[in-house]
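Reading through the structure tokens given below for one structure.
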Amino acid sequence: MIKGILFDLDGVIVDTAVYHYSAWRRMANELGFDIDEEFNETLKGISRMDSIDRILEKGGVTLSKEEILKLATKKNEWYLEMVEKMTTDEILPGIETVIGQIKDLGLKMSLGSASKNSPAILNKIGLMDKFDAIVDGNSVTKSKPDPEVFIKGAEALGLKNEECLVIEDAFAGIEAAHAAGMKAIGIGSKENLPNADMNLSSFEGESLNDILKALA
Ligand code: B16
Ligand code: MG
């Protein structure tokens, strides 16, 4: 029986995935190459340092550890400039409704994000207080598809892994949920997220109760 919901952040609660893409693209362009949306899909849910390694490999660029760290810091500054301008209007459709349903059903909820910027984002959009626990890039050492972030989320809620349902927009995130023994709803098409237990374009007009019954 599902007793807790583990939310990914980027691409599920807010579309910061587009800000990550824009900042990574700016970095790649400054290094003399480009990345496209298809490649960007492979970065979703992947930690900042693993992302930069993949991007530099894609561009055939070799740099020292210090240079890579400097670039990642610069990218994060560009990203935070965009986060700073975020408002509650950027909460994705249906998210506030599903959070209301979680509370009505007496379920618990935790964040399960790879992002080190999640506290800044959740405070900016006013959803921090809704979470019973926050597990993010500051509390894990392994990137999705490793299940660490969701295992810690279940622990933080005092639940068994199989009592938690993950909501994700990334292929790697759904792999992580499955590796933790959890089912996962994919926010995105079956084409992009063929591994999800259910695909939704958003929670708009959806009943969490019906979803839980369908997944049982
Ligand atoms: P940051 P999620 C992930 O968040 C993003 O999908 C990924 O693109 C990003 O590189 C990663 O967080 C790290 O983010 O640079 O803010 O620490 O989708 O797991 O919520
Ligand atoms: Mg995501």
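Quick reminder: no glycine exception, Cβ is built from N, Cα and C everywhere.
As annotated by TrEMBL, active site, nucleophile applies to Asp8. Sequence annotations record features per position, and here TrEMBL assigns active site, proton donor/acceptor to Asp10. Annotated Mg(2+) binding site per TrEMBL: Asp8, Asp10, Glu168, Asp169, in sequence order. Marked as substrate binding site by TrEMBL: 8-10, Trp24, 43-48, Ser51, Lys75, 113-117, Lys144.
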Those recorded positions in Asp10, Trp24, Gly45, Asp169 whose CB falls under 6 A of ligand 2, listed in sequence order: Asp10, Gly45, Asp169
DSSP-derived structure type at Asp169 (Mg(2+) binding site), helix or strand or else coil: coil
Annotated recorded positions Asp8, Asp10, Gly45, Ser113, Lys116, Glu168, filtered by Cβ under 6 Å to ligand 1: Asp8, Asp10, Gly45, Ser113, Lys116
From Trp24, Arg48, Ser113, Lys116: binding-site residues whose CA lies within 10 A of Asp169 (Mg(2+) binding site): none
Any further residue of that chain within 8 Å (Cβ to the Cβ centroid of Asp8, Asp10, Glu168, Asp169) of the recorded Mg(2+) site: Phe7, Leu9, Gly11, Val12, Ala17, Lys44, Gly45, Ser113, Ile167, Ala170, Gly173, Ile187
Candidate recorded positions Asp8, Asp10, Glu168, pick with smallest Cα gap to Ser113 (substrate binding site): Asp8
Cβ neighbour count within 10 Å of Gly45 (substrate binding site): 29
Greatest C-beta neighbour count within 10 angstroms, which of the recorded positions Asp8, Asp10, Asp169: Asp8
Binding-site residues listed as Arg48, Lys116, least Cβ neighbours within 10 Å: Lys116
